[in-house]
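Straight from Swiss-Prot, the features:
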ACT_SITE  His320  active site
BINDING   Ser219, His320  aliphatic aldoxime binding site
BINDING   His299  heme b binding site
Amino acid sequence: MESAIGEHLQCPRTLTRRVPDTYTPPFPMWVGRADDALQQVVMGYLGVQFRDEDQRPAALQAMRDIVAGFDLPDGPAHHDLTHHIDNQGYENLIVVGYWKDVSSQHRWSTSTPIASWWESEDRLSDGLGFFREIVAPRAEQFETLYAFQEDLPGVGAVMDGISGEINEHGYWGSMRERFPISQTDWMQASGELRVIAGDPAVGGRVVVRGHDNIALIRSGQDWADAEADERSLYLDEILPTLQSGMDFLRDNGPAVGCYSNRFVRNIDIDGNFLDLSYNIGHWASLDQLERWSESHPTHLRIFTTFFRVAAGLSKLRLYHEVSVFDAADQLYEYINCHPGTGMLRDAVTIAEH
């Protein structure tokens with residue numbers, strides 16, 4: 001049994017765990033492992049937004065243009081494509097890229113082809129919305145959890161390997177305790193989302209500044225290779241409750257501290273749906289994510305179902321990754337997106353102060 005925290009990230013703990021040292025988890029789970037050369041990763045959520053069906057071809061082409069840019073020097077080591085319909089009826093194509101270090105992502109994003117595409121006046125006049133939500137957690141600021149050991153998705157795809165069975169799972173509070181930084185830091189949030197350029201009500205280009213210790217969760221489901229019984233388990237038992245919980249967070253986020261919640265379906269380069277999905281949730285703080293997870297009926301039902309079936313899972317793949325970030329390691333930019341998009345909804349403007 002291993003700790004979820006890599007040996008090179010372990011230090012004397014000043015904050016106590018929720019369980020005794022003798023705790024044994026009820027079933028096996030694993031985490032991604034990176035060597036000590038990995039200091040910081042970058043997660044880039046690059047979106048194309050449209051509303052009318054006749055805009056779909058242009059939106060898909062814009063998504064392909066973004067993906068093509070990943071082939072340039074210093075592009076991400078891994079990426080995936082997703083689709084989401086928000087509660088305003090807009091469709092969003094989201095390209096998610098992962099880099100193993102900040103410098104390569106900076107070189108890529110500031111290269112002439114990439115920077116000129118995002119900064120072009122065409123982005124303001126082509127009838128589509130675009131957004132960039134880019135965050136860069138340090139190695140001690142993110143954690144992963146997998147119910148499987150091969151072909152890790154998300155940030156796991158840029159890690160160097162997989163752990164053995166880990167101790168910190170199966171109890172409330174284990175998510176926090178998988179963060180290396182949790183050994184000595186409560187990860188308390190401070191500040192607010194603030195619009196620092198543009199006006200969401202007007203449109204055009206808008207930039208939002210984040211604050212310390214915003215939390216981001218990506219919680220995924222992969223039933224592509226599942227047999228009939230596991231497909232039924234996911235589609236008939238897990239998904240309805242999961243959808244209910246995700247819709248609640250999408251529509252009632254401000255009441256519980258959730259800035260943005262998108263339950264997305266993976267797609268291929270032509271926009272066809274794949275049998276994979278995940279949730280993208282931005283939270284004002286990790287403790288607010290914890291409070292919702294531990295108290296909301298929909299998540300409790302999901303958690304109970306997972307506990308019941310986890311030990312017997314074969315080809316239904318469930319996982320999550322959770323990160324927190326310093327304010328300086330976040331960029332939220334929106335171009336002609338509706339004002340309820342992403343971090344725009346809860347960001348305050350100068351006029352509101």
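First residue shown is number 1, and so on along the chain.
Glycine residues also receive a Cβ, built from the backbone N, Cα and C atoms like all the rest.
Features per Swiss-Prot, on structure.
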residue: Ser219; record: aliphatic aldoxime binding site; DSSP (3 states): strand
residue: His299; record: heme b binding site; DSSP (3 states): helix
residue: His320; record: active site; DSSP (3 states): strand
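For His299 (heme b binding site), the number of other Cβ atoms no farther than 10 Å from its own Cβ, over all displayed protein chains, is 19. The most densely surrounded of the recorded positions Ser219, His320, judged by C-beta neighbours within 10 angstroms, is Ser219. Each residue contributes its Cα atom, and for the residue listed as 'heme b binding site' and the residue listed as 'active site' those atoms are 14 Å apart. Reported as a whole number, the C-alpha separation between His320 (active site) and Ser219 (aliphatic aldoxime binding site) equals 4 Å.
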